[in-house]
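According to TrEMBL, the protein carries these features:
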type    : residues                                            : note
BINDING : A:Arg252, A:279-280, A:293-297, A:310-317, A:Asn331 : FAD binding site
DOMAIN  : A:15-228                                            : domain 'Electron transfer flavoprotein alpha/beta-subunit N-terminal'
Amino acid sequence: MAEFNSKDTGAFKGVWVFCEQREGVIMSTSYQLLSEGRKLANDLGVELAGVVLGHNVKEEYLKALGGYGADKVYYCDHELLNVYTTDAYTKVICDLVEEKKPEIFLIGATNIGRDLGPRCAARLHTGLTADCTHLDVDVAKYKEFLKTTSTIDVDNTVFEENTNLKMTRPAFGGHLMATIICPRFRPQMSTVRPGVMQTQAYDEAGAARTVVEKVAVQLSREDIHVDVLEVKKAAKKLVDLIGADVVVSVGRGISKDVEKGLALAEELAGVLGGVVGASRACVDAGWISADHQVGQTGKTVHPRIYVALGISGAIQHKAGMQDSECIIAVNKNESAPIFEVASYGIVGDLYKVAPMLIEAIRTLKASK
Amino acid sequence: MKAIVCVKQVPDTSGVVAVKEDGTMDRAAMATITNHDDLAAVEAALRIKDATGCKVVVVSMGPPPAEGMLRELLAMGCDEAVLVSAREFGGSDTYATSQILAAAIKKIGVEEDDVIFCGRQAIDGDTAQVGPQIAEKLHVPQVSYVAEITVEGKSVTVKRLLEDGYMTIKVATPCLLTCVKELNPARYMSVGGIMECYQKPLEVYNYETLKDDPLIDVDTIGLKGSPTNVYKSFSPPVKGAGMMLEGADKAAVDKLVGLLDEKHII
Amino acid sequence: MDLHLSKEHEMLRKMYRDFAENEVKPLAEWVDENEAFPEETVKKMAKLGMMGIYFPKEYGGAGADVLSYVMAVEEMSKVCGTTGVIISAHTSLCAAPIFENGTEEQKKKYLPKLCSGEWIGAFGLTEPGAGTDAQGQQTTAVKNENGDWVLNGSKIFITNAGYANVFIIIAITGVSTDKKGRKKKEISSFIVERTDKGFSVGKHEKKMGIRGSSTCELIMEDCVIPGDRLLGKQGKGFSIAMKTLDGGRIGIASQALGLAEGAIEETIKYTKERVQFGRRISQFQNTQFQLADMYAKTEAAKWLVYSAAMKKQNHEPYSMDAAMAKLVAAETASDVTRRCVQLFGGYGYTREYPVERMMRDAKITEIYEGTSEVQRMVISANLGVN
């Protein structure tokens, strides 16, 4: 094997997605990334491969990756890959990248992906863009994207034509968006924010077609400098904000009577068939657990209905919910920034408005 | 043992955010703060100092005014500070930054039982990449998203957060830990600490100081040495104004629910 | 006088502000409503060196200067007048007289515990019959055959009393007759500990403002204390008390200054949000001029306070400066907080906003540690107008 040189950009081909598994189960982020990776691979006319590291992962799970667009699955099986360690995963992935040379490598920006990605990029001497929310290779498609999401006068701006991966991500807490490229090194690496990319419909034929290639893993205990003593799931069932159809969130406005505010949010979420979210202020104040947090440092959601009760709408919060289809905001302060993104706004006391809203929706549903 | 803590001075994005005409952040016009996760890292190191008496060295890469932040960290109880500052280092992306910081940390000296701390991520870039990349360049193990730390001899046991739980990990020193701000609320500077902080050592490492390290090469540092470049940067558009309902009474709520019904939203 | 604050002072200001915003402000309303002494806050402040700011390190102090102390009282008072006066009474009225008049043994015994906040300090001068007329003392201290002092009498309106461990007590140790045959009280000062036999803390006063500050009566019934608790020379008690009050006035002036500044900050914020007649009330010229006047007056008071602090630091005579600082700062605080309530309108009168509390807190600064009338007496006496 020739020596690996990340600068030899012409030698790299294909799109890869790291498909993270925990306890043998592929994480849903992987399907989102494969679906996105499929589009990029089509634009480039190359193959899309999923990369799975684990131990005794079921064949059907591996094949299923084809249902989300993977032409091929590289499966690295080793008992030391069962549970994630930075050392083991970095070694196995870098060995594989050095051998197969993909041009694009996408990793889900999970707590593990964001540990693994930078370590691999540093070892491979290539660039990595963190926590991306949009990806393009085709300039025309990128321009279309900018037309709806930016203030740039797209038609009167010069864009350098190339097929580099254009990795767009929020910066400065969502105040700015930046599109990053990695023109001189390969692979072009990106961690992608969970919940942002849409998962394509499962394709049976694709699953049947996909080829699983078992990779010979070179790994020993000496390669790993940590001991994982325990992996523990949180006792409480965490709220599934990302998958929710309706999110009713509360903010600092419930400080007057936290218990009542939360109870109202739960009741409203109940009648709408949704879950309760919260702004960072509520989580920081200890009123609600961190898994409910929507926003830049919490979760990005785009439900069908997002109700904001007593949320002022700091830009960090808006970053996590502004793509919701219908936003209903209730806030005492008429100049609260949340109203800038709201589809419907009511200036009023949430303790008064929410019960009326619950009542009115109940009446409506009963009448149907 | 000693603790080395990497910190970054960042614009305070929670306040007024100034954007220049070209769409980039006007850092000069904004207030600066010490990155929150980095403060948690400093606090973690200071708690180990409280328990063991170890030395705590803080290191930051940034322009000369970052000295003010380092003095504040000395006033909180850190013992020494290093400011890594040179024109040649400007424009570095995470890869290049980690090369430079790794070289600076090597210059400070990493001994067998040392622990290097970083914040999980900085609020300006939110990349969470520099910590792991420094660890790679120093060839030491890393654990990121650390929420609890116990030091015992030549190993450290930490609780590492996952989205739906946590891992307990034992790691041999020297190692690098990236801390989440939930780890510890940072202590305040003390009056006595403030009175002493200008007497504590603060060294500036410039290009000359670090240039003999193999990590410092024109191809791997600064704007030119950064693998990633900005292709475009832009401001997100303000979403079109929605509809504000008149009043906050039953009539307003009924109207809203009527509209939602009409549009088949509910 | 150098009007530039040092880098350390700027950093201290930042730390005090952070602490006040995060630790003191969230409790201020509760402290007031419940007349609760913020014990936990005092412990936190002590840990940061705020209970012994300007005393040397060798006695457990933080080694900073008087201005650093003034800024602490000011910043705490911006958000909570109670917290401000706790530091002020503890530092200026108890630790300071021990530091300035105590023997080496006394300093070594008391200052480290006071500076670390393990002990809280208070000062007992005022009696039912001796308020502004401090000479009218009734409390007595008599030396017994063992060389111990036996104290009898009571003190009222003693700040920090309910939580203090150490008290500076002013008492009569004898009566002498001068050449003209007039009787003159010999007054001395003592260090009394809470656990001393015969010493007790009496009823807690219910006050208009600074309601979390513990203001109580002290009762001494055959309270026996060792002979070495005499502070300073016998018969010098009145002068020690007056000098202590000179220092105390700088502390109270800082409290008043902070209250005025805090009220202005709240009012600026409010007037930019509140809309009447379709405009933010900050757009009305009345609001603008009121705030401009208030801010200018408060800044003027600030420099009097800082200048008195710097004179004390440099061991220059500062009695008149302290009196001027307290007079101006206290009257400014009362005036400013009253006007801020007015700008808030009806909301200002409710306890939903802090300005009514600030107005109630401010009033006391015109009264304790020498009323404004006493400050005028001190100033005019210094001018030779008598």
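Using N, Cα and C of the backbone, Cβ positions are placed for all residues, glycine too.
No curator has checked TrEMBL annotations; they are predicted automatically.
Features per TrEMBL, on structure.
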residue: A:Arg252; record: FAD binding site; Cβ neighbours (10 Å): 19
residue: A:Gln293; record: FAD binding site; Cβ neighbours (10 Å): 24
residue: A:Gln296; record: FAD binding site; Cβ neighbours (10 Å): 23
residue: A:Ile311; record: FAD binding site; Cβ neighbours (10 Å): 32
residue: A:Ala314; record: FAD binding site; Cβ neighbours (10 Å): 22
residue: A:His317; record: FAD binding site; Cβ neighbours (10 Å): 29
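Taken together, the residues of the domain 'Electron transfer flavoprotein alpha/beta-subunit N-terminal' (A:15-228) have an average pLDDT of 94.
Using a CB-CB cutoff of under 8 Å against chain B, none of the binding-site residues from A:Arg252, A:Ile311, A:His317 qualifies. When secondary structure is read from DSSP and collapsed to three states, A:Gln296 (FAD binding site) falls in the coil class.
A:His317 (FAD binding site) carries a helical DSSP state (H, G or I).
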